[in-house]
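Here the structure is laid out as structure tokens; the discussion comes afterwards.
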Amino acid sequence: MEKPLTQHIKNDNTWLSLKDYEKTGGYQALRKALKLNPEDVTKEVKESGLKGRGGAGFSTGMKWGFVPLGEDVPTPKYFVVNGDEMEPGSFKDRLLLEGNPHQLLEGMIIGAYAIQAQFAYVFLRWAYHQAARAITRAIEEAYEAGYLGKNIAGSDFQLDASLHVSVGRYMCGEETGLLNALEGKRANPRSKPPFPGVSGLFGKPTVVNNVETLCNVPHIIANGAGWFKSLSKTDEGGTKIYGASGRVKKPGLWELPLGVSLREILQEHAGGMQDDFQFKGVLPGGGSTDFLTGDHMDVTMDYAGVGKAGSRLGTGTLIVLDDKTCPVGMVLNLERFFAQESCGWCTPCREGLPWTAKTLEAIENGKGEMKDLDILNFQTRYMSPGNTYCALAPGAMEPLQSALKYFKEDFEKHIHEHKCPWKKE
Amino acid sequence: MAKIIIDNKEYESDESKNLLEACLSLGLDLPYFCWHPELDSIGACRQCAVIKYKDEDDTKGKLVMACLEPVTDKVRISLEVDEAKQFRADNIEALMINHPHDCPVCDEGGECHLQDMTVMSGHNYRRYRFKKRTHTNQYLGPFINHEMNRCIQCYRCVRFYKDYAGGKDLDVFGAHDDIYFGRHEPGTLENEFSGNLVEICPTGVFTDKTLKKHYTRKWDLTNAPSVCHNCGLGCNIIASERYGGIRRILSRYNGDVNGYFLCDRGRFGYEYVNSKKRIQFPFKKQNNSLVQIEKKQAIQEIRKVAEGKKLIGIGSPKASLESNFLLRQWVGAKNFYAGIPETEGKLIQKVIEIVKSGKVNVPSLNEVKSYDAVFILGEDVTNTAPMLALNLRQAVRNTPKEQAAGLNIPVWNDAAVREVVQGNTGPFYIAAAQATKLDEVATQTYRAHPDDVARLGQAVAHAINPELPETDCSKEAGKLAESIAGALLDAKKPLIVAGTSLYSRAIIEAAANIAFALKEKEKDAGLFYVAPEVNSVGLFLISDKFLDQAFENVNQNDDAVLIVLENDLYRRTDKNSVDNFLQDYNDIIVLAYLENATTQHATYVLPAGTFAEADGTVINNEGRAQRFYQVHVPENDVESSWKWLQEIMPVGTAESTIHFENIVYNLVKTFPDLEGIQSVAPPADYRKGTQKIPREPHRYTGRTAMHTNINVSEPKPPEDTDSALSFTMEGYSGIPTAAITPFYWSPGWNSAQAINKYQIEVGGELHGGNSGVRLFDKKNSNIGYFKNITKTFSPQKGEWYALPLYHIFGSDELSAQSPAVNERLPKPYIALNNSDAWEAGVKEGDLLGIVLQGETLKLPVKLNTGLTKGTIGLPKGLKETVGTRFPFWITFKKIKDE
Amino acid sequence: MTTQNNISEEIKKEIEEIYQHFPQKSAACIEGLKVIQKHHRWVSDEAVKELAQILEMSPDAIDSVATFYSLIFRKPVGRHVILVCDSVSCWMMDYEKIAGYLKNKLSIDFGETTKDDRFTLLTIPCLGTCDRAPAMMVDEDLHRDLTTDKIDEILKNYE
Ligand SMILES: Cc1cc2nc3c(=O)[nH]c(=O)nc-3n(C[C@H](O)[C@H](O)[C@H](O)COP(=O)(O)O)c2cc1C
Ligand code: SF4
Ligand code: FES
């Protein structure tokens, strides 16, 4: 089984230096790409079927293709790496950032070349100090080795890159909120259209890609779209870093062919549930995805497969709910997070999420009323996609709406018994 | 034009608009909060949701925000389907969970956009059962009251204050449901347009603090369409009264003049009307003091005093055309003097000459926003014509905005447009005698003595048209002139701004030359002159003599009678000259609003109506004639000056008995150029059906009760024979013509936003046309270039050239006497150039002694005002500097520290 | 406690260095706040005003940004800041026990600072180490697989 993204990552808390990376064939893809037309680089990526690993699953090649090329286009253009990773239960980008920073930089430089950007930023969440050190050092090394700066690898291409460390807020992960944060502003999202490819950072054409997405790029260029497609079990192409947290025996991260089954991840890689704990449900791709249950064990963990089961692949990191944890408490924890992290720009999210959290809190504390379930159902409709300004609130509704569906009795039990059945007195 | 289908009905709409604008323009009721016609769309409040269908077969559709969707041909939407209606009701419910529901004690109650939208959306019962979040409020200065708990986070306040008006000290703080709009610490809101927050905020967060002091609900106010009297721009206002006091001023929308907004001088500078110093009854001088007398007695005595005497009339730029004209008719043209010194009057005449020539377009105040390159000569517009500054700030964005258009971003997508524009500004040049607030958006500034400002202007004109005389200026100035000329020529619509404030004819001429030269190059150039006072232009259209000439014509036989109309001469020129002049007359009749230095010398003082108690016509800087109407009939003897004049004229004089409209008629007969003023407003006998236009809303309360402490029987309401307006609540309840619209109201629309219903298109022209008549739109004369070039200014040793520095709060006589504005007056100072100060060994705050009008003044030094070497600045119009005739040479002495 | 929170020449230089990299000075606002916080642990009103001058912004505009972000401290914090992850995976893995233990041990609640100014205790959303929950971060050090026993050992390292 091929693991292009992680095979060289050491598990001793160190990262691959430039030398080590080059030994694994690093920066060869960049040299290859620089000999191609930018359009052809984009074409290769488009053909590979690579979809954004940041959660939305949009075709990476298509995104790059929206950026205007040629003489009379607005400059400078920007290329931004989204390393904010603040989705609860997600920790996959950390591995790539801390373990193999040059792989990310190579993908970023290739992407920048494809859209002919002049500046690249790595936007990193504050808590990733180790990653910040790795990226800082890697950028220095890349400049020294001529992979950044003028005449990259002997070509005419020029790119400057720097690291920006965030100061908190989940909204910074939303790509347009991120751009505002990079501009030194409040990380409110921006109106789309215009998309960043037209008007992004400082009003100039910009691409924002997730860390994992970009780590795939050197391998696609080096080995071709066909090879990339062949990696996955389904037709979506590539591998995926899956992970699991919660009461499983072996929580962790695994690079697997895209499209393995939920069962395989849970049983084989995560080692099944810890003794004394039963599986109750799982959020398949971070805090803003719908629950799947025991009935969904054969779901293929790719974009289409999880979608068909009524949830989203999201970040591909599973949050496993066990029978000894209160589902209402779990959803409350998530909704508190989302309410806290709302930017406060649009009404449904700013007002709806705290209302949702307070309602769940009442239920969890035994103060719930049956009417509260109507309120919760109302919130999931009120904050459905399209009703809000960005995808934060609709994402927040996913665990709630599915919990209301799958764990309805648990909610009702709280209300009838005037207490949380899981809480020991 | 596009065909759009709304709830299965076809309409036509403009493709440059968004769907919310389209719906509102079609008269449909679609609620909204974050959108505002002048601020455009950001899509934050989610209130304007509609369902949009892909095509005829799509029955489900998709919920979209109308304010973020372009009008496209054949677009299909529904406002009425359940899903859309339900979402809008739900959204209001969400907005209201933290709202305090304190309408009964909220100043916005009864004219609250949030109330209106809540009713419109159909949301009634709250389901939220938890604690509301609360905020603390801030002290924001004398104008604005703050009550943050009522906030619905529509962001309109910061978008207006910061993005639109360039304010720095109001912002949004915090995140998630803890969003706070205010200052980073309590304190006075500094921006000159802060008062607009009162109308911009859809609920009661920012309310009018001056109104709060004498609070009245909107429905209990008697209102009149009026014109702001605080500067020369003539912004339209609604003035409102209850129990004999003026309660507040709102902006009266005029798509040609002030649009939606007002400056703070205009909004809060009204309270002098209610002042204790108001002259409310006739007074007569007895034993050297003024004693109140009966109106009848006053009239009889004055008639007698004036009988057969030579009469000298002093007019005023604060008084209406009608009052000035009537005085002129009575005293005779040769004895009528504009109450303005020559230094200023000649300049106004010059401006009139140029504007009237019709040689270049003189844009309206609102049109200023459409220019894409600006050159200001000499004028500190923020302080001399504040609303002009606001509109120039919008013009600055036109060139960079074109980039957004190039990316197919619709102009109404405000957030996206701003993102593309970033902080960029179009070509904007300021040449002034000192630093000005607009410098922050200027491409380049040039600071020089007025003569050199003019010289730069002439150099620019020469660079555009090399046949014009050359100016030998410094290399730096020469280069600047080249680049200004280049930028103006590159622009589609270049605008030149100048004015009279620096008393420089050369500046006025240079500005005209540039505009003429641009016009010759086929540019759609505009020329905008700032005039000092509300009727400065009107006054000089009917008079040609200055105060100085009145002073020269000594009262030889000691028997002439002097009549001074609404004019404190001691503010016009130095005390000695006025003293000498007044001493010459035994009989002085003064028509005044407030006790002042001139009334002290009167033998009779008559209570003249301010804008609040008088009717009349005024002419603004662009030559636009506008009518203002009295708000109420006061319970004292205050009335329009023209009425007083009619009453004190000898019986039998042609003018003494005629109706207001006949005064206008006679005026036009005498001055055929002013013919337009006859159509400024509908005649007094104009009726809607059979009805007059009521000044009071039909839910006005308490009429039968408000006088019961005096008399239980309800007095007959006063009649208004001068206009088509009535003083009561009875009458036509629809939408009257703009010139006589006393307030905005439409079923379901109680807030200021009801204005939508009065406009043909939201943000556009009013039904039946915006009010006001431009008098000079025809090409009138063949004016040529001004070829005279002034000499360059040379600083003198030991002597300084004193320039007036203007203050929005303070330089204007009447507004400064309003308590709230009075709190904002600057302390007197003497402004010095840094290097002059250094040479003289003085620093910021040091006291300097100067002699003004024979009196020694001690003033603290203010530095960093951008004045050029050899000049000093003194605040214009403050108590300490009043009557000073700028410009002049002066010396100062350092006063040793005690 | 650092009450002296003025911007030294050194800080000013650092900030000036940063805005060279941006098309506008104001874009360095967040970076500027970070620099101040690096030196002073928190950002005082005074510092906001001084930063405003350096970046040619208004203090209001700076504070608008500062108050948006959760990790810009506008109130004084202790010498060490403990950030306990309270997000979903840690919550499931006994976050409450850890939180209770810390509060008890330090005799403070979340949002508070110990009397000796040694620790400030805060919660933080997901630290991105969910497979090794529960987790917390003290200053820049990540501590995972927490148990109450471990906490005693860990805190000893922060004086
Ligand atoms: C509230 C919110 C938070 C997000 N956080 C992240 C994040 O932390 N990291 C990330 O890569 N994408 C995040 N996204 C998705 C981004 O908006 C964007 O789709 C992604 O960075 C694009 O990269 P990709 O196409 O490579 O996936 C978030 C989206 C939303 C709505
Ligand atoms: S204060 Fe008023 S204008 Fe500002 S966001 Fe709140 S409701 Fe809107
Ligand atoms: S008016 Fe359309 S979202 Fe606010």
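Glycine is no exception: its Cβ is also placed from the backbone N, Cα and C atoms.
Note that TrEMBL annotation is computational and uncurated.
Database features, via TrEMBL:
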| type | residues | note |
| --- | --- | --- |
| BINDING | C:Cys85, C:Cys90, C:Cys126, C:Cys130 | [2Fe-2S] cluster binding site |
Tertiary neighbours of C:Cys130 ([2Fe-2S] cluster binding site) (same chain, Cβ under 8 Å, six or more apart): C:Ser87, C:Val88, C:Ser89, C:Cys90
For C:Cys130 ([2Fe-2S] cluster binding site), name the DSSP secondary structure in the helix/strand/coil scheme. helix
Within 10 A of the CB of C:Cys126 ([2Fe-2S] cluster binding site), the number of other CB atoms across every chain shown is 29
Relative to the Cβ position of C:Cys85 ([2Fe-2S] cluster binding site), how many further Cβ atoms are located within 10 Å? 30
At a 10 Å cut-off from the C-beta of C:Cys90 ([2Fe-2S] cluster binding site), count the other C-beta atoms across all protein chains. 32
For C:Cys85 ([2Fe-2S] cluster binding site), what is the secondary structure state per DSSP, taken as helix, strand or coil? strand
